[in-house]
């Protein structure tokens, strides 16, 4: 008896799964029921001569550092090395509307009833339903089945806005900074909160890249994970840097960012002493970085993500460059990233090609 064909999953031909890695991707076996019909973009970090083994049956393309250098040329300098921030190269070369990115130490979680959670499906539902950043709904996501807008919610805002980002959570190993890891080495996250909420306009959040989905067409050019890792004075701030940038831009352009479901199972705790070395400067710098982003505003001329990001890069150079020369280098890399994005995506815009030569140079 012939087996029935597998049902086509949501957005099968409109979504890429991006995975940064330095090891064989055996973890994909657990995700096979949910990922097998999607296209994978694997960004190999570290030694490009190492062969990364991918389980049979997956449709994928794999890029190592040699590929990144070949494709981007001198602009490859904006892509981090020996850091999971390299994943953003996968965002750049994707041709799909949506991206889901996951770390290779993350596995399928189970809900309180024992059922395996299809994290990707929940992310897609989050992205395809509107967000409510301008007025908080006390029943959280009003578009989920079994809920609605509460009494007193303005009818003029009930249509919502497009969702740009879906930020998922994790069970087991929490995403803590090194000092918290050191004082709570045995703590595990066992709380499953069945909720999705929109992060209000004007509020920042610490974005984690291990279980993250976004609309690439809406916010992709701003989803840059910065300069981290090899040769840089800081690490483990890549996803948070991107999160602060995209939140300022989403607030300006009128897009929404959701957090909550879905959960994944985070299996491996990283070394807190290694993490402390990576985070040390960032722990101090963030006390100035956060107020910078809280106060950041973009001009009315910023009508595209690229324009927003270029303007934000100039503010980074001007206001954070006084903290450390690293931020001047980072601001330049932000411009390089946008230029590379537009070149790769055949969308070379006038504002990105002219800015580096004139406006940004004038701020040096």
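Each residue, glycine too, has its Cβ placed from N, Cα and C.
In three-state terms derived from DSSP, residue 151 (N-linked glycosylation site) belongs to neither a helical nor a strand segment and is classed as coil. In this view, residue 151 (N-linked glycosylation site) is surrounded by 5 other Cβ atoms within 10 Å of its Cβ, with every protein chain counted. Residues or ranges marked as N-linked glycosylation site by Swiss-Prot: 151.
For 151 (among others), the entry in Swiss-Prot reads site 'Required for activity'.
If you look up Swiss-Prot, you'll see 158 (among others) marked as site 'Required for activity'. Annotation for residue 158 (site 'Required for activity'): spatial neighbours 142, 149, criterion Cβ-Cβ under 8 Å with sequence separation of six or more.
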